[in-house]
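According to TrEMBL, the features are:
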TRANSMEM  A:15-37  transmembrane segment
TRANSMEM  A:57-78  transmembrane segment
TRANSMEM  A:90-115  transmembrane segment
TRANSMEM  A:135-155  transmembrane segment
TRANSMEM  A:167-188  transmembrane segment
TRANSMEM  A:200-224  transmembrane segment
TRANSMEM  A:236-259  transmembrane segment
TRANSMEM  A:265-292  transmembrane segment
TRANSMEM  A:304-325  transmembrane segment
TRANSMEM  A:345-365  transmembrane segment
TRANSMEM  A:385-409  transmembrane segment
TRANSMEM  A:434-456  transmembrane segment
Amino acid sequence: MKNKNFLYESQKLAFWYWTLALILFGFQLVFGLIIAYQYIQPEFLHKILNFSIGRLLHLNAMILWLLFGFIGGIYWFLPMETEREIVGLFWAKVAFGLIAVAVGIVVAVFLLVQIGKADWVTLWFITEGREYIEAPRWADIGIVAVFSIIFFNVFATIWKAKKLKGILWVLVIDLLAIIGFYIAGMFFTPNISVDQFWWWWVVHLWVEATWEVLVGVLVAWILMSVLGTPRKIVEGWLYLEVFLVFGTGILGLGHHYFWIGAPEYWLGIGGFFSALEPLPLVAMVVHAVYDAGVHRLKTVNKPAFFWIVFQSFGNFVGAGVWGFMHTLPQINLYSHGTQITAAHGHLAFFGAYVATNIAMIYTALQKVRLNEGQILDGGLWKWAFVSLIISIFGITAPLTVAGFAQTFIERAVGGSSWQAYINGQLHPWVKESMVWRFGFGIMFFISYLLLVIDLLKIGKKPAIA
Amino acid sequence: MKLGWLEITIFSIVLTVVISALFVRGKDWLDPGFWAVFAIVGSLIMFSVLWFLTFDTLKKMSLGSKRVPSPTVINHRVGYEFDPERKIYVPTIGEEEPFFGKKWSEDEAIQLITKGKLAIQSRNCMDCHTLLGNGAYFAPDLTKSWLDPKWETMIKPMVGAQTKEEAIAKWIQNPQYYATWQRRMPNLKINEEEAKAIVGYLKFMSAIDTNGFPDHFGKSSLAY
């Protein structure tokens with residue numbers, strides 16, 4: 001690297017994680033396109049790569065690349081926070097190697113073996129067969145091991161540096177929660193109600209609580225780095241955010257317990273607390289607008305700044321608005337299990353997590369490629385930024401329309417039976433939406449390529465201030 | 001014990017505010033420490049409430065409870081009727097009827113259900129279908145699929161079976177032979193024993209009290 005800036009070893013490792021993350025991002029999109037096309041042309045790859053396998057790879061590639069992005073962020077910012085190299089560098093590198101190998105094995109098994117017999121061998125070595133946590137159990141244990149190594153590294157580095165700043169506190173506790181909640185997903189029970197009860201501890205408490213807080217930590221660091229926001233202000237917001245995210249998100253878990261066989265009090269608790277879940281997201285939008293105004297949109301790192309401002313809006317609209325749309329039990333009784341959920345998922349994950357990861361990588365590139373006083377900017381990132389945002393809305397909108405049609409035709413009128421499902425799927429609002437979704441999916445993929453090209457090139461010829 | 005959602009909600013919020021307020025007395029609200037107290041107290045209280053409710057919920061939906069029936073429910077006729085008191089559809093468990101031509105003992109039924117769930121997981125059913133409304137939306141919801149009229153009206157004559165359970169078992173073993181519509185289920189190499197177990201599971205699942213989801217399943221004449 002031609003920069004004159006000093007980099008910690010841990011920060012170099014961060015780039016390894018981000019590289020792997022971006023490759024998996026590409027995989028996610030390829031499988032996403034395949035399954036989106038199967039909605040239009042069900043015979044496509046039928047029997048070779050059935051929808052279920054494509055979807056499983058689409059989902060898991062996403063979960064992993066986002067996680068690897070976050071891990072990269074931790075390894076990037078931690079040495080700067082503690083002003084020292086991380087303690088267990090060797091183990092961090094070992095963990096990276098294990099991750100790369102494990103991901104390769106799991107993907108190969110998913111592609112080549114795909115399904116197993118109804119026995120324990122399948123659960124341990126092929127798939128657990130539970131949406132979002134399909135990984136075989138050995139890989140689950142691996143994920144816990146890797147996060148334990150990260151936890152150790154964070155904790156030991158803070159300990160050695162004797163610097164327990166506020167943000168690090170939150171990170172340490174959040175990492176513990178991430179490890180703890182994941183274990184809730186690692187057992188078998190014939191009782192599907194109990195199964196799904198714990199399954200949501202991983203799926204909801206990860207994504208709607210611990211991930212949101214982890215992203216809060218990363219965004220705090222990005223803001224300090226890109227805008228020079230004072231630590232005191234960032235910390236105050238972070239605590240408020242943790243209060244609101246955990247305060248609403250932990251019992252907001254109840255919105256997943258409406259129909260799984262759990263007692264009726266969850267209808268009220270889940271409905272109430274998940275109605276409050278957008279609160280921290282509104283707070284973040286207010287904060288982002290305020291920050292942008294104070295700085296009159298002037299910053300040393302244009303792409304990171306724009307992505308982080310978009311993050312607050314994307315998170316609010318995707319997780320907040322699209323989430324709230326179908327979170328009340330009276331509505332959810334009919335909208336549950338329709339494309340509305342998929343619409344919400346696509347926009348929320350992009351707004352909250354994809355945007356954060358991209359902003360983080362741009363933040364790091366500035367340090368790697370530019371000298372003090374130079375500005376990270378260019379033309380290409382704007383194209384990628386705008387077209388990624390247009391295409392994710394282009395994916396979300398038709399899914400929402402399809403979801404509404406399903407809600408009415410399949411669920412409310414048709415009574416959710418097999419034939420009612422087919423009637424819903426044959427409705428033009430669903431059929432045509434799937435074509436639109438696929439089209440915008442292609443646009444998203446092209447935008448992804450623009451993003452990758454920009455990440456490879458930006459800052460190599462510094463823009464003039 | 002009957003728990004009211006409003007009491008639980010008000011209790012957890014008031015407790016959070018009161019305890020946090022006690023700890024932050026004298027602190028400036030612009031000081032980050034002020035909000036740190038709220039963050040810690042709020043998280044701890046909400047998590048404690050969740051933990052408490054978890055025990056209660058797990059007890060109320062254990063196998064053989066009012067909400068989640070014992071696997072021996074497969075020996076009975078299962079239905080789905082409107083309950084005027086709760087104002088939702090609830091599963092009904094009627095008279096005995098043989099399942100695959102026999103009455104299953106408790107042990108046999110548990111073994112069958114366990115096998116059925118393993119089969120459902122090993123074939124990744126949730127990545128096309130929804131179970132209890134969770135999963136993918138590429139194929140129909142299976143929550144009450146045992147009660148789907150289509151098994152009797154279309155699939156039974158199509159596969160040439162005597163009973164509904166036989167029809168489902170035959171169909172899921174070789175879905176590629178029987179046309180339904182353009183989106184087709186692939187052959188998932190389900191053997192006879194696994195097919196029986198899956199059918200047992202579908203019947204068992206249809207008897208779970210899901211608070212009325214899906215509403216009026218299979219009762220709409222407009223769907224045909």
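The backbone N, Cα and C atoms fix where each Cβ goes, glycine too.
Listed as Cβ neighbours of the transmembrane segment (A:304-325) (distance under 8 Å, sequence separation of 6 or more from its ends, same chain) are residues 208, 219, 222-223, 225-227, 274-275, 277-278, 281-282, 284-285, 287-288, 291-292, 297, 331, 335, 340, 343-344, 346-352, 355-356, 358-360, 362-363, 366, 376, 385, 389, 396, 400.
Most Cβ pairs under 8 Å to the transmembrane segment (A:15-37), among the stretches A:57-78, A:200-224, A:345-365, belong to A:57-78.
Counting Cβ pairs closer than 8 Å to the transmembrane segment (A:345-365), the top stretch among A:135-155, A:200-224, A:265-292, A:434-456 is A:200-224. Below 8 angstroms of C-beta separation, residues 66, 70, 73-74, 77, 80-81, 132-133, 167, 170-171, 174-175, 177-178, 181-182, 184-185, 230-231, 234-235, 237-238, 241-242, 245-246, 249-250, 252-253, 256-257, 277, 280, 284, 291, 304, 308, 311, 319, 352-353, 356, 359-360, 363 of the same chain, each at least six residues beyond the ends of the transmembrane segment (A:200-224), sit close to that stretch. Panel annotation: around the transmembrane segment (A:434-456), residues 22, 25-26, 29-30, 32-33, 36-37, 39-40, 303, 358, 361-362, 365, 378, 380-381, 383-384, 387-388, 390-392, 394-395, 397-399, 402 of the same chain, lying at least six beyond its termini, place a Cβ under 8 Å from a Cβ of the stretch. By number of Cβ pairs under 8 Å, the transmembrane segment (A:90-115) is matched best by A:57-78 from the list A:57-78, A:167-188, A:265-292. Tertiary proximity for the transmembrane segment (A:265-292) is limited to same-chain residues at least six positions away from its ends with a CB under 8 Å from its CB atoms, namely 208, 212, 219, 223, 227, 229, 237, 240-241, 244-245, 247-258, 305, 308-309, 311-313, 315-316, 319-321, 323-324, 327-329. Listed by sequence, the residues of this chain that lie at least six past the ends of the transmembrane segment (A:167-188) yet keep a Cβ under 8 A from its Cβ atoms are 74, 81-82, 123, 130, 133, 137, 140-141, 143-144, 147-148, 150-151, 154-155, 158, 195, 198-199, 201-203, 205-206, 209-210, 213-214, 216-217, 220-221, 234-235, 238-239, 242. Long-range contacts of the transmembrane segment (A:57-78) within the same chain, counting only residues at least 6 positions beyond its ends with a Cβ under 8 Å from a Cβ of the stretch, are 10-11, 13-18, 20-25, 27-28, 31-32, 35, 86, 92, 99, 103, 106-107, 110-111, 131-132, 134-135, 150, 153-154, 157, 171, 211, 214-215, 218, 221, 225, 349, 353-354, 356-357, 360-361, 364.
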